[in-house]
Structures are given as C-alpha cells and as structure tokens.
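A.B. asks: Taken from TrEMBL, the feature active site applies to K205. Residues or ranges marked as ATP binding site in TrEMBL: D41, G42, E43, R104, Q105. Taken from TrEMBL, the feature Mg(2+) binding site applies to H138, D180. What TrEMBL lists as D-ribose 5-phosphate binding site is R207, D233, D237, T238, G239, H240, T241. According to TrEMBL, the feature domain 'Ribose-phosphate pyrophosphokinase N-terminal' maps to 8-128.
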Amino acid sequence: MTANEHRMVLMALSANLPLAEKIAKRLHQPLADVNLDRFADGEIRLNINNSVRGDNVFVIAPTAASPHASVNDNIMELFIAVDALRRASAHAINIVMPYYGYARQDRKARSRESIAARIIADHLEQAGATRVIAFDLHASQIQGFFDIPVDHLMGAPILADYLLSNHLIDPENSVVVSPDHGGVRRARELNQFLGLPDSYAVIDKRRPVDKKNTVEVLNLIGDVDGKTAIIIDDMIDTGHTIVEGAKLLRAKGAKKIIVVASHALLSGDAPQLLQHSDFDHVIVTDSIDIPESKRFDKLQIVSADDLFARAITAVQENGSVSPLFQNRYHRGFESD
C-alpha cells in the first residue's frame, strides 16, 4: 500500500446527507463547503467554496429519490457537481454511489427501449468522473458500461453480520431465499456469509413486460418447512413482489420470515404493506435516506457507513478493496 500524495476531500450532495456525515465522522474528515440552490424555475446551481485543485475528491451521492427531490433531480445534481470539480482542476473525481439510479434499466426488455443505466454511466464519464464506488448494483454488468475503474461493494456482508450478531436466525435451521432466478448469486453470497449449508430456495415468478410493479408468483423451488426463511434482494420498491413471496413461504411452512435488502426505496404504500405482511423483520441499509414518515415497526436499518469509509480509505491509499468482500464471520466472494 502506498500513501497517496493528493489530499483527500469529501463532498456530499443533498440526496443522503445523514449517511455522508456518518462516513465523514468515520474518516475524521470534514465535508467540503458546498452551496446548492435552485433558480425559480427549478434549475440547480452548485458552487464549491473550497479549493480542490490537485485533490482526490470523493463525492457521496446516491441517485435515488430523496425526501425533497426526485431521482432525476439528484442525478442532475451529481452531473453538475462532477463538471464543477473537473473545471476546478480536481486531480481525481471519485463518485461514491450508495444507490445507482436507473440500474433496473440495464438492458432492452422490449424493442425501442433505452438502456438508461448506460446513459448515466456515459454522462458521468463525460462530465469528468475518474472512478465509481458502487453499492449492490441491480445488475453487476453495469460495471461494464464504464471505461473508468468501478469498485462494486456488496451489502451481503453487513446484512449477514447484523443477522448473526443480533441472533435473529438459527444457522442450524435457516435457509436463504432468492426472490427470483436472477437473484440466485446474491442468495449464494448471503448463504456463504451466514455460514449456512450450501443450499437455498428460489421463488419462481413471472413479471409481465407490459405491467409495471406487477408479479405473478408461481412456485417455490426448495424447502422452507419449519425453518427461518431469509429473502434477500437488492432493493425494496413497492414491496408487492416480496410480500407475495412471503405469503408463499408461509404457505410452505416457514416458521419465521425475514427480508434483507441493501436499498429501501419504499415507494407508495410500501411501508404499510410491509408492516402488515408475513415478514417478522424487514432489514435494510441506509444507502437511501429513509424519512420518519416511511419508517415502521418491523423496519430495522443497518448503516453502511463503515463499509464506504473503508472503501474510500483503500482508494485514497492505493490499497485493495478485496478485504471488504468478507465479513467478520466468514470469508466472502471477490469483487465482480
């Protein structure tokens, strides 16, 4: 490991200031002084009050909807910030993205559709980004949309730590469940971090291409009878998909049902739906700022601040991020 001669600067945008402040506290670093305001018509104006010439800047900016701005506003804010840093002669512009907006649009599901996740990548590079630190991307192939380095962190290690350290599961009588066939790798990762036997269950479902936020649960592949079932997904949006999955698990004999996810979008009536569902616990990270109005009794929030702080330190010191792909209990996977 070689120390970097360029000063570290942390910069937070408005989408998740509480997480940025936690990361800064972990690193014993102040956040850069940034003025963010809007013109009367909604245009975003950003000014950096500190010199960043020759610095390694880490911009903490999840591009999800926040309590006071849409996902589109927060993405535009990030583009403007990156452009401002490039024009201010920053040495490196590292984008720390706890949540990657538009990640679900990573391919053409139908003809004449955009691949919006690629558009975000292209614009970030064109604006001047030199590295991205992403967290639990919806599709890991999004890394290939960039021609700059991408460090892809996983939520499974910290979610597994939380489950084990709080004794929420019995490793001898628990099973990890993927909510669909596409999530099998994520389920395998959590399975390894929890130290469970090399088996898991999969919910077989069909999502009609012509209907948004709609899913048809077909069957369960695997055995959950008499066990604690742990569904893992990258995000919870409306909650309809996993709530239907929980009903199936209960019908198949699961005695306790937990859902863990890195990103809590909690759109619409998701909080009420999850609170009155078959889930015993809903465990998420703070990658997205969750306002009090969206919190509910079954919700438990695990902070990812230490994970991001260690990733930033590794990049700043030209070190390896591989140690971040394990938890305190079991060694994990290498980065994609």
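Note: Cβ is positioned from N, Cα and C throughout, glycine not excepted.
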A.B. asks: Based on DSSP, name the secondary structure state of H138 (Mg(2+) binding site): helix, strand or coil.
C.D. replies: coil
A.B. asks: Per-residue pLDDT averaged over the domain 'Ribose-phosphate pyrophosphokinase N-terminal' (8-128) comes to what?
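C.D. replies: Averaging the confidence scores along the domain 'Ribose-phosphate pyrophosphokinase N-terminal' (8-128) gives 96.
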A.B. asks: For the domain 'Ribose-phosphate pyrophosphokinase N-terminal' (8-128), how many residues does DSSP put in helix, in strand and in coil?
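C.D. replies: DSSP classes over the domain 'Ribose-phosphate pyrophosphokinase N-terminal' (8-128) add up to 40 helix, 29 strand, 52 coil.
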A.B. asks: Can you tell me the CA-to-CA distance separating D180 (Mg(2+) binding site) and the residue listed as 'active site', as a whole number of Å?
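C.D. replies: So the Cα of the residue listed as 'active site' lies 6 Å away from that of D180 (Mg(2+) binding site).
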A.B. asks: How far is it from D237 (D-ribose 5-phosphate binding site) to R104 (ATP binding site), counting Cα to Cα, in Å?
C.D. replies: 11
A.B. asks: Looking only at C-alpha atoms, tell me how far K205 (active site) is from T241 (D-ribose 5-phosphate binding site), rounded to the nearest Å.
C.D. replies: 9
A.B. asks: Measure from the CA atom of G239 (D-ribose 5-phosphate binding site) to the CA atom of D41 (ATP binding site) and give the result in Å, rounded to a whole number.
C.D. replies: 34
A.B. asks: Count, for each of the binding-site residues D41, E43, D180, D237, the other C-beta atoms lying within 10 angstroms of its own C-beta, and report the residue with the smallest count.
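C.D. replies: Comparing Cβ neighbour counts within 10 Å for the binding-site residues D41, E43, D180, D237 gives D41.
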A.B. asks: Taking the Cα atoms as reference points, how far is H138 (Mg(2+) binding site) from R104 (ATP binding site) in Å?
C.D. replies: 6
